[in-house]
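All remarks here apply to the structure that follows.
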Amino acid sequence: MMFRLTSVSCFLLVIACLNLFQVVLTSRCFPPGIYCTPYLPCCWGICCDTCRNVCHLRFGKRATFQE
């Protein structure tokens, strides 16, 4: 009976650790100057191909407005 209780406890502990690692790994973010996407967000600031405080307007023939 003691062996079964220990095995179940270890199994539950492993599941809890895996859930914790999943939360830590999926909630990562990137500092300024690093490439970003909507799926790989910036820690602070906004994503304009790279993490920045402010997006600048691009001038020229193919100017685009970025929020």
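Heads up, the Cβ atoms here are built off N, Cα and C, so glycines get one too.
Looking at CYS17, CYS29, CYS55, the record from Swiss-Prot puts CYS43 in a disulfide bond with CYS29.
Comparing C-alpha positions, CYS48 (disulfide bond) sits nearest to CYS55 among the disulfide-bonded residues CYS29, CYS42, CYS55.
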